[in-house]
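Features reported for this protein in Swiss-Prot:
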- G8, Q9, S10, G11, A12, G13, K14, S15: ATP binding site (BINDING)
- D56, I57, R58, N59: GTP binding site (BINDING)
Amino acid sequence: MRLIVVSGQSGAGKSVALRVLEDLGYYCVDNLPVNLLNDFVESVREINQNVAVSIDIRNLPKEPQLVTATLDQLEAATDINLNVLFLDASKRTLLKRYSETRRIHPLSIGQEKLSLEQAIDLEKTLLAPLVEQASIVIDSSDCNLYELSEQVRFKVEGKEKQELIIVFQSFGFKFGLPSDADYVFDVRFLPNPHWEPALRPLTGLDAPIHSFLEKHAEVLELKQQIQGFVEQWLPMLEKNNRSYLTVAIGCTGGKHRSVYLTQKIGEYFEQLGHQVQIRHASLEKHQQG
């Protein structure tokens, strides 16, 4: 199991880092007290999933050596690959971020009533043991949200860009538009196998439907055009820091034409090495009916 402990200065980007790790498939827990870390790790040992935990200044123990001892104990475990990811930023950057968001620093809330600058300085001192044990340190001073996300992804996975999952989904307009679609292609103008009595009971996954549709040049031309559209803009969409791209293809009932095109186009992108999911939402309704 890989365990990443995320910590850092308040306002340096811990929440962003945790969201990136969640997108990478990590089981994430925010603001776990250090004294519960061992018990938590023990409880998730069997889930067969990488884990990320954020440690906040508010839940650090009063004795700094307890942090070091806890992390040393976890690092000694043979079945745990421990990394400490520390998010840092310059005082000037943190002051600016707090000014822009108008949030209160966690250490300014206590009885000491510290100024923002004093709180930042104190936090830096209190987090020193974690910095010393960090295997990954990221300075977010000059990063925007997307740049920081890419840095975290690169440091953790060795690649900057998130691998986009392309979802190709067929549907029937009579059942309504899919709510999660990024792009919708209406293919109701194509020749319809529904009007061939022998083909009507079949679906777009069956060979006789393939043969019928592939006799029509407009079907093959549209397939090429949809593939070309997605291929052309995929690099830009991948740079947009998104996890999913959903392409919906619809015909009247979602049984023949849209199913055929969705399946063929999805398989085309699978063969190119992309992460692809193929769904036939309306086809499931026909089968249930």
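Cβ atoms are placed via backbone N, Cα and C, with glycine included.
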Rounded to the nearest Å - Cα separation of I57 (GTP binding site) and S10 (ATP binding site): 8
Sequence order is fine: just name those binding-site residues in D56, R58, N59 with a Cα within 10 angstroms of Q9 (ATP binding site). D56
Residue among binding-site residues D56, R58, N59 with Cα closest to the Cα of G11 (ATP binding site): D56
Of A12, I57 (the binding-site residues), the residue whose Cβ has the fewest other Cβ atoms within 10 Å: I57
Out of the binding-site residues listed (G8, S10, A12, G13), which are within 10 Å of D56 (GTP binding site), Cα to Cα? G8, S10
So how many other Cβ atoms are close to Q9 (ATP binding site), meaning within 10 Å of its Cβ? 23
Surrounding CB atoms that lie within 10 Å of the CB of R58 (GTP binding site), all protein chains: 12
Around G11 (ATP binding site), how many other C-beta atoms are within 10 angstroms of its C-beta? 24
Residues sitting within 8 A of the centre of the G8, Q9, S10, G11, A12, G13, K14, S15 CB atoms (ATP site), not counting those, run L87, A89, S140
I need the most crowded of these binding-site residues: G8, G13. Count other C-beta atoms within 10 angstroms of each C-beta and give me the top one. G8
Suppose the GTP site is D56, I57, R58, N59. Which further residues of the same chain have a Cβ inside 8 angstroms of that site's Cβ centroid? N31, I55, L60, P106
If I take the Cα of N59 (GTP binding site) as reference, which of the binding-site residues G8, G13, S15 has the closest Cα? G8
